[in-house]
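Engineer: Relevant sequence annotations retrieved from TrEMBL are reproduced here:
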DOMAIN    B:60-178  domain 'ABC3 transporter permease C-terminal'
TRANSMEM  B:21-43  transmembrane segment
TRANSMEM  B:63-81  transmembrane segment
TRANSMEM  B:102-126  transmembrane segment
TRANSMEM  B:146-175  transmembrane segment
TRANSMEM  B:196-218  transmembrane segment
TRANSMEM  B:224-250  transmembrane segment
TRANSMEM  B:283-303  transmembrane segment
TRANSMEM  B:500-526  transmembrane segment
TRANSMEM  B:558-581  transmembrane segment
TRANSMEM  B:593-614  transmembrane segment
Amino acid sequence: MISKGDLAMLQVKQVSKVYEGKLAYRALTDINLTIDTGEFVGIMGPSGSGKTTLLNMIATIDEPTTGEVLINGNNPHRLRKDDLAKFRRNELGFVFQEFNLLHTLTVEENIVLPLTLDGTKVKIMKQKAKQIAEKLGITDIMKKHTYEISGGQAQRAAVARAMIHSPKLLLADEPTGNLDSKSSKDVMGMLESINKNDHTTMMLVTHDPQAASYCDRVVFIRDGKFYSEIHRGDSRQTFFQKIIDTLSLLGGDDHDFPSVRV
Amino acid sequence: MTFRQFAFKNVTRNKRLYAAYFLSSMFTVMVFFTFAIFAYHPALTGDEMDSYVTQGMNISGGIIYVFSFFFILYSMSSFLQSRKKEFGLLIIQGMTIKQIRLMVFLENMLIGFFATVGGILLGLVFAKGILMVAENVLVIENKLNFYIPMEAIILSFVSFIILFFVISLFVSYVLRSKKLTELIRGDKQSKGEPKANIWLTILAVILIGGGYTVALLVRGVGVFIAMLPVIIVVSIGTYLFFTQLSVFIIRQLKKRDTFYWKKTNMILFSDLSFRMKDNARTFFMVAMVSTVAFSAIGTLYGFQTFLTEGIKLVNPNTFTYQADDSKRTEDIDFITSTIKDENMEADQEEMVLRYYPLEDKNVIIAKESDYNRFAELIGDDKIEVGEGNIRVIKFGDEGLLYTMDTDTSEVITLTSGETLKKNETIIESKALPAMYHYYVVSDRDYEKLGDPEDERYFSAWQVTQGKERVIGAAEKITEKVSPYYFTSVDLNVYEINKGYAPIMFVGLFIGIVFFVSAGSFLYFRLYTDLDTDKRKFHAISKMGLTSKELKKVLSRQTAILFFTPLIVALIHGAIALNALANMFNYNLAKESIIVLSVFSGIQIIYYVIVRFFYTKQIKQVL
């Protein structure tokens, strides 16, 4: 992978991760990855390949054993713990498989939560929440509680929360993992349009080839090592087929992937 | 694996889950057992203590036992609450409700058995300490030695095995089969945000306000009559306060975006409003139990001061002797020689008190020089009474003493036919022993008073050196001189304290047990939500939450839990003690403040400890 210097939003350089314990376990080995500003990259691989470990390291939740992670040219792992929390809140956006919405808050309150922690003015928060709700088509559920909405709506709300502070990098961990195929398509379409319109850099970790086909580029890892990467051409359909093919080469023994799913 | 083994393994392999319930059960057993060690102590059960003390101990033991029952029942049900999901899983696996009941019963008996044994063992460890404390508080002459408390062991063991048996039976019987889906979803299912009924909210304010007003306004016997209705009204009010008013207040706060959307407030208050329904019952119980503890200890403490201060108040002298019979020279010689033998020095004054029938009763009339000698003895100012004048002297006017108005227009006619007029200004002094007031006239007028109705010899000593030997000397004197004539304040106070100490000790013990268990209720409440909180903070921390912000949220959350019921209980307790003070017409402010601040202090320590561990637990998952 070639570093594109100024253009790179994320640079992962020679990152390895070893979990110490009774039995030391090597989760990642010499991973290099560069994501340009405005790029939408998918990470795929079988269970236990190290996808989530990689994501956690980029998300600054976990630290690499060797190597470094640069976000927008800075190494967040050098920050003190509290500054790190603020860095996450201001520079990164997160979307999770289990939505991670607080059920005691309404959708609107969930969305503005990162801003309230920063002490943003109420007027500005209301305005921003309104804008993003309109953009993501969730205006009519803003006053509802999270237990009153569907999974698809919940994930949209989670995306809205991740986007409200206009993060430099949006990280999505299996965002379609808990959704049916219709909702999955909605959410992925939404992420794609955010990426295209707002030029938000995105990284997606997924099992789902359908979801991965919305990316510009998909990187495959296996046993903690880089395996291959493929770029999307003009057609998403072709790209989807290419992903399926790579996956079948990637591992004969895993049943994680559906053979065909259109 | 047999069914019994399954139940057994359930407990032994889920230590953390069962730990809180086990520890609180063990604590309860320990409290009861320590009390039993004390109550059955040979030094106390002998003839040293009166039978009423023994009976008091038995009643107190009974109270602790009944309280233990409810406490364990409560811990048990909150423990089962957190296991809903597990039961759902077992039912899906094909377990019948009957089997689940059996499982709960077996588990419970197992925990109960070990809690009983553990509590007794732990109690034995602390026994020496508690006996030492008791020794100091109780003013007991002979020491409370450590002994092997067989009776206490047997009593505690049997009582608690029975208790756990009954509770296990009861709990497993009432274990209702909820809908399976409900069980499986467990705590994930939201009950929705609680709402407050506006009428009940208003009613809460009215009930508490009304109860307080009545409690503050009634005086004397009225307190006694109003007590029960006020307690009932305020109890209902308190319940509504926590279930309705608190929900109402939180909802109002949440409506104000500038407050609710500020920093960590959203995380804190959103949860608070959802948990309020669960919190309310705990808050109510804690507030009531704490109020009972405050009031009981405050009353006991206040009553003790009331008794001892009363004696100190009417006896400004170290020793006094009053008699009208012939033995008095002998008695006084003995008192004087005892003072000398004990190497004490004392100032002494003596006089003859003359009683005259005035205002329908016998009143002392003293001459100026006699009065001044006695006033000087207790450090009061000397007075000058002009001829033809009477100075009216009130014995005291502190709330404790009865006062009676004197008719200042009354005149005294002397044998010479002249009349004496009362001076309008009444002064106050305890120089001479009287119930309400006495008169002082000039030495010259005194000679012309005529024959008194009654005469008594009065002598007073003010010890100036060797004050620490006063009680010993007084004990010696009372062996020979009848206490009917001889009074020693210090000895009287000492004896009251001695007689009162067991009651005080038992009261303190029960009060502290109540208070500590109130703290445990809060601890349970907090830990029921631990898993939910872990999940919540885990989610928020991924988004980015500094440890300072986390600490702030948790500190406030725990503080609200710990101090809301305490503040309510403090206000209740203060009002109750105030009403009590009104009943006795004696100011209990100092005692109330001491008792309430000690409890607040304990609660603050409790809060700091629990917050520390809770924060630590939450931080583990981040």
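Quick reminder: no glycine exception, Cβ is built from N, Cα and C everywhere.
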Engineer: The transmembrane segment (B:558-581) and the transmembrane segment (B:283-303): do they have three or more Cβ pairs under 8 Å, with pairs 6 or more apart in sequence?
Structural biologist: yes
Engineer: Return yes if the transmembrane segment (B:102-126) and the transmembrane segment (B:21-43) have at least 3 CB pairs under 8 Å (sequence gap of 6 or more), otherwise no.
Structural biologist: yes
Engineer: Flag the pair the transmembrane segment (B:63-81) / the transmembrane segment (B:500-526) as in contact if three or more Cβ pairs fall under 8 Å (sequence separation 6 or more).
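Structural biologist: Output yes: the transmembrane segment (B:63-81) sits against the transmembrane segment (B:500-526).
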Engineer: Under 8 Å between C-beta atoms and at least six residues away from its ends: which parts of the chain pack against the transmembrane segment (B:593-614)?
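Structural biologist: Tertiary neighbours of the transmembrane segment (B:593-614) are 290, 293-294, 297-298, 301, 515, 519, 522-523, 526, 530, 554-555, 558-559, 562-563, 566, 570, 573-574, 577.
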Engineer: Calculate the per-residue pLDDT averaged over the domain 'ABC3 transporter permease C-terminal' (B:60-178) and state the result as an integer.
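Structural biologist: Mean pLDDT, the domain 'ABC3 transporter permease C-terminal' (B:60-178): 81.
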Engineer: Count the residues of the domain 'ABC3 transporter permease C-terminal' (B:60-178) that DSSP assigns to helix (H, G, I), to strand (E, B) and to coil, and report the three numbers in that order.
Structural biologist: 98 helix, 0 strand, 21 coil
